[in-house]
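Peer 1: One structure follows; several queries about it will come next.
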Amino acid sequence: MSKRLKILLTNDDGISAKGMSLLVSNLLKADFADLYVVAPSTEQSGKSMSFSYTQPVSIESVDYPQEVAGAWAVSGSPVDCVKLALGDLFYDSFPDLVLSGINHGSNAGRNIFYSGTAGAAMEAILSGVPSIAFSQEQHISFFQTDSAPELLRKLSFYALSNPFPVVTGFNVNFPASERNEPWKGMRLVATGKEFACGLPKLLSSDGKRKSFSLSDCQVVMDEDISEECRCLLDNYITVVPLLVRNSPLALTSESEFQQLQETFQEFMCSEADTRLFDV
């Protein structure tokens, strides 16, 4: 019998978020790992890789409504959660994998650079732990649970298979089907440039002072639509590799990427139930 994995779960929507509950419940159904939740006590969306540099941050053991091995709430950002988990809670025995999400809303395209969900995954990678960030387009209610346990299991073991000679992770986005159609499958793609968030919306102005909201999102597309965006529009789950080399996000060469796409398909087809996934 293979050993059970030790997985750290975090997010940026907060420890009580529906997306975290969905991630936990589907991992429990897959039953291949012991789960530890270390997540912000309040919503921390848009925090990217920020951490509490100028003020103290606290961590508190909490009761979680699902059967996890342990749960802690952190008074800080998603990166704070990963730093405290790896630097304190699991200092002597790192988790095998860090899973972040499931985010309420897309983190495809440009959103990845602002995302606290992706920021937590990147922090784990920088610390030497493979990681995956999960996000659901539009609204968390679009998340489909029928095939999710097997999908999460396969992606977890793929991240642990060392597809690159460096510690790696993935940014996974689930499409939103207005007609609730089943996901068509998975596609490993490069990061697109669509889906910009943070557009200024004027709330009030008194002549001297203006007040804005930066929570508006607008899909920005060129005529040359990215493969990531096209796949999501076609109801495919997108899997984008995150690599740490000399910069926070480093893309491979075209030939390396094509090779990665081939190995991704081979790995997923090696055990995957083709009735569930078209990879």
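Using the three backbone atoms N, Cα and C, a Cβ is placed for every residue, glycine included.
The divalent metal cation binding site annotation in Swiss-Prot covers D12, D13, S45, N103.
Looking at the shown structure, what environment does each listed feature sit in?
Peer 2: D12 (divalent metal cation binding site) is surrounded by 31 other CB atoms, counting those within 10 A of its CB over all protein chains shown.
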Peer 1: Look at the binding-site residues S45, N103 and tell me which residue has the greatest number of other C-beta atoms within 10 angstroms of its C-beta.
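Peer 2: The largest 10 Å Cβ neighbour count belongs to N103.
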